[in-house]
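Comments concern the structure below.
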């Protein structure tokens, strides 16, 4: 029977199947960070259980870490305890950890692919919803809760209930200045934050095929914002070229064998998806959010919508509530919305290509008066590469702050936060109330829009400069 | 895990859709390494800033069944959202649709999440707002929700229902059969990466 890629990867990982029970799936790679793991390790200790496969587990410090003075002591004692707890757990249970200051430290979803640990056809989990990022390689990658983190640590498996399949086909060609971030924001606006619920999305079509690996990661990263359980893109030459030669990539004869297997993972031609969505890339333009969930977005060329224009009563109520929180009036051109802060970074857009794209826009220009711009590389390796290319200088000369690696202002947990009422243009993934700090207001944007917005001080695209 | 069979209690009407886990518990509360004591973080921004927020109303102070709008629990995978609801005293959440990770977390931890049609949720909201002392019963054995004038069946798979009724720990269940895991490990592709 014809199968989709997600179904093939699932089948390959079934450890046990029994009538009336969820399939027990093997997990090839378990990524761990400080926030969602302490209670899981404590559970193991209480039950006297070891970690079954420390050699399939890797840990990094990302959510809670400061992005300045990373070799000093963390000022916040609660944060410090959480980091120290991860260090102790990694040491006690034999797990390799990248602590602050380590050249391999960074955001968990940047680190895995960078090391070549994320490969096609694998199952990847992490106690973090943006684990969907790794699906860009044709891996089946799920965000999980802490109970499941403990389950994977103890057994290297997870009982998983069946999923539905969705194809999101993006036809045509992106116009210059339009990025994969704009694709995914448009997809979420179209299907809604619950549209992907219960589904694994496969992104397909000409516009997806022509994207780089890093651009594909941006798309898969935000699958969770459409409510999907995972997002995937079929592996192709772009994928293989990206993986080849990385520290954990197969080598020699194993490489050829692996590539042959990876090619077979693609969805069969006559396979059927439970749900299909089609988008035309030619019609897309830079996209920004105006509300407090990632589905509340619109093209930058448009205006803040009138809640009365929504037919669905619950969407109308949500829009009214969002505009009140965001302090925006219906009909305001999005280009006239002024920001206080620009954040370039996160597991969505903190990779070297994102920094290059933004640096190209900002080179020789300056950050507008009264605006602060934070540029936070997704990993220390990304920072090293950016510095080697002179990008760090471009940012600092423009007046931006060039920080160390971490989740930073994506989530209001470490010292990088918005203050109440402060408004940001952010390349991250969530515009929820208070997400970037209590009372903060977030507009999600691409790295190109972030850079242009930093220069003009209002939501802008490079074409406006 | 505590067993869940039948729960009867007062309800709290939360008339919002798309309640994300950052609203249920903001990230600042996630720095802790403990497993309990998260009740202070539950809906902390709304409780602090909005006197009209439902949990600030004394008539809903004793609620144990949360009745929410569609797409409850979207966003971050933080299981702290489930812990905060439980620590505050909630035993069950009813909504037209839940985000997958939140639903999975809740059913692992013994917080029963029940999907009901929006029309039933709206009737429950109206009923509870009119008379906050209304009691709602969530019956896992019979797979139904009951309130005055309402008997509504709900779906939950047999396996999850059994696990909740018995209060069983998933890890112990999996570890009863480690041979199938050993066997699978013998079949894995030799080129798959290791981290060390």
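Glycine is no exception: its Cβ is also placed from the backbone N, Cα and C atoms.
TrEMBL lists A:407, A:410 as [4Fe-4S] cluster-binding residues, and of the candidates A:220, A:347 the one it assigns to that same site is A:347.
TrEMBL assigns the feature region 'Disordered' to residues A:417-443, out of the candidate ranges A:363-389, A:417-443.
Excluding A:347, A:407, A:410, which define the [4Fe-4S] cluster site, the same chain contributes A:62, A:63, A:107, A:130, A:345, A:346, A:348, A:350, A:378, A:406, A:408, A:411, A:428, A:429 within 8 Å (Cβ to the Cβ centroid), listed in sequence order. Using a 10 Å Cβ-Cβ cutoff, residue A:410 ([4Fe-4S] cluster binding site) registers 30 neighbours. Counting other CB atoms no more than 10 Å from each candidate's CB, the binding-site residues A:347, A:407 peak at A:407.
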